[in-house]
Amino acid sequence: MSWSFLTRLLEEIHNHSTFVGKIWLSVLIVFRIVLTAVGGESIYYDEQSKFVCNTEQPGCENVCYDAFAPLSHVRFWVFQIILVATPSVMYLGYAIHKIARMVEHSDVDRRFRSKSFSTRWKQHRGLEEAEDDHEEDPMMYPEIELESERENKEQQPPAKAKHDGRRRIREDGLMRIYVLQLLVRATFEVGFLIGQYLLYGFEVSPVFVCSRKPCPHKIDCFISRPTEKTIFLLIMYGVSCMCLLLNVWEMLHLGFGTIRDTLNNKRKELEDSGTYNYPFTWNTPSAPPGYNIAVKPDQMQYTELSNAKMAYKQNKANIAQEQQYGSNEENIPADLENLQREIKVAQERLDMAIQAYNNQNNPGSSSREKKSKAGSNKSSASSKSGDGKNSVWI
């Protein structure tokens, strides 16, 4: 296993823990991994070769060394580091798997919402029902999303989620597994402290008295650098105790922090209960930004002229709406061509309606002129027949 893999692994553990867990990780790296790899190699490299006994009995030194150190100090500490770090590694794997699933579900929900908002709306038939030409007049214009912007959004990788504290761990549903790995880690620390005391005690003696077979009698064996090894042994005791205290501190931090958050939430709920809350929320469906919809008024007398005028006004409103919301988009020329074509059709309809309206009004005016001429002739005739008589005006 290379150091780069171990470094990446510890970095991921650092990103998925509380600040107390980050302190524990720093102690693990500096005072355990580095100290064991550097100091242990230089101190214990000649441990067995420098173990000398005052006898020449074959096999006696090996038996006495086995009695002095059933397990080498360095191997014991390496085994301790592996077992203590195992719960954190297992928690890391679980956290990465769960966060990846959460990110995947959030991406699916986001895509579903974007598809629901980008659906193509059908043309409004409010004015079509009153017309007799059986032609559809579009009353809604969707805000078209650029393909380049959509591709850029799809190409952007999702942001990497990191846990920076206790609240984030609780929000993602990792609190139970995090507390469980703390308990297992603390149990391992206590077990290794007891085992280290039973195997080595608190001091490395310079002389070890051995009476095992095949030694003929009690012999004295001498250990190299006993004082240096004693100091190193005490340092490792201190590091183990420090890691155990950090585990206890982190569990207390999680417990008291959770209690404090619960009390704060209850206090906020009590404060919010005093304010008036509406019994329902207004969840009426609405069109996305950029859409314009015309509502058919009730009991409105539709004529050909009114239809043409309303279509002309609606097209002008659509132009203003598209200029307001779509000024920064690249697909404006295509939309303007469609709008200009529709405006041209609406203007032609308006001219035809005005012409038809004028033609309908001209026969009425001519009949009125004829009637007025007939009335004038009758009045002139009556005036001629009644010459010499006084007319009385009332």
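A Cβ is built for glycine as well, from the same backbone N, Cα and C atoms used for every other residue.
Copied over from Swiss-Prot:
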type     : residues : note
COMPBIAS : 356-366  : compositional bias 'Polar residues'
COMPBIAS : 374-394  : compositional bias 'Low complexity'
REGION   : 354-394  : region 'Disordered'
TOPO_DOM : 1-22     : topological domain 'Cytoplasmic'
TOPO_DOM : 46-75    : topological domain 'Extracellular'
TOPO_DOM : 96-176   : topological domain 'Cytoplasmic'
TOPO_DOM : 200-229  : topological domain 'Extracellular'
TOPO_DOM : 253-394  : topological domain 'Cytoplasmic'
TRANSMEM : 23-45    : transmembrane segment
TRANSMEM : 76-95    : transmembrane segment
TRANSMEM : 177-199  : transmembrane segment
TRANSMEM : 230-252  : transmembrane segment
Which whole-number mean pLDDT does the model give the topological domain 'Extracellular' (200-229)?
85
What are the DSSP helix, strand and coil residue counts for the topological domain 'Extracellular' (200-229)?
5 helix, 8 strand, 17 coil
DSSP-assigned states of the topological domain 'Extracellular' (46-75) in counts, ordered helix, strand, coil:
12 helix, 2 strand, 16 coil
